[in-house]
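Following: one structure in structure tokens, then a few remarks.
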Amino acid sequence: MTSLRLFALLYSLIAIQVCFSSQLEDNKIPPSLCTGHPGIPGSPGVHGSPGQPGRDGRDGRDAAPGEKGQKGDRGDPGETGMRGLTGDKGYTGEKGERGQPGECAVAPKSAFSVKLSQGQSLPQNVGDAVIFDTILLNEQGDYNTETGRFTCKVPGVYYFAVHATVYRASLQFDLMKNGHAVASYFQFYGNWPKPASLSGGSLLHLVPSDQVWVQVALTEYNGFYSSTKTDSTFTGFLVYSDWKNSAVFA
């Protein structure tokens, strides 16, 4: 055991000597025999240039459709936009075809005016119509000079007026419609030297075949008078009709 230790020690001494001799010659220490301390970190290097673009990736696989989402809340209404500019006037259209001639609507008419002739005899019985025998106007022929009665042909509203000259007797007469007095008028005569007058009128609604006339109310009050200077007249005319089948007649 002692010999072996001596041998090992001797070998170590020889190795150390060789090491120091080499260091003196090259000023180098074998790395296997001497370990140095870590050096100071170097400064960062300069950034490298951008690399080349990478290759396109592979297309992804189609995924299964997702579930339908819930309906969102209604948004607030937007502000009203500004009024747009007026567009250009369009071209004039073509003239249309001429229409068929329409029917000519004629408004209904009814009017008359008559008077007593000079010396015309008056009815002697109450209920008889006064015969105004001189025609001033009777274009539709609605007044009959033989009966003294107006007969309605056009339904509607009529106006009738009586103007009487009163002389030599008092006068009371009625405006009659179908045998009923609708208005009565009276004028007293007091032996005046000149004739007096009595006038009256009324609006009546008539239907076809209605009749209107004037009659003396009392036999002793029959003072209708007519001369070359004064007249007694009976007048009537249609104000508006009741026919509903035409806007013109309504």
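The backbone N, Cα and C atoms fix where each Cβ goes, glycine too.
Predicted automatically and left uncurated, TrEMBL annotations should be read as such.
With DSSP states grouped into helix (H, G, I), strand (E, B) and coil, the compositional bias 'Basic and acidic residues' (55-77) comes out at 0 helix, 0 strand, 23 coil. Positions annotated as compositional bias 'Basic and acidic residues' by TrEMBL: 55-77 (among others).
For 91-100 (among others), the entry in TrEMBL reads compositional bias 'Basic and acidic residues'.
Annotation source TrEMBL lists domain 'C1q' at 105-245. Model confidence over the domain 'C1q' (105-245) stands at 90, taken as the mean pLDDT rounded to a whole number.
Summarising the annotation, TrEMBL assigns region 'Disordered' to 32-104.
Summarising the annotation, TrEMBL assigns signal peptide to 1-21.
Residue counts of the compositional bias 'Basic and acidic residues' (91-100) by helix, strand and coil are 0 helix, 0 strand, 10 coil (DSSP-based).
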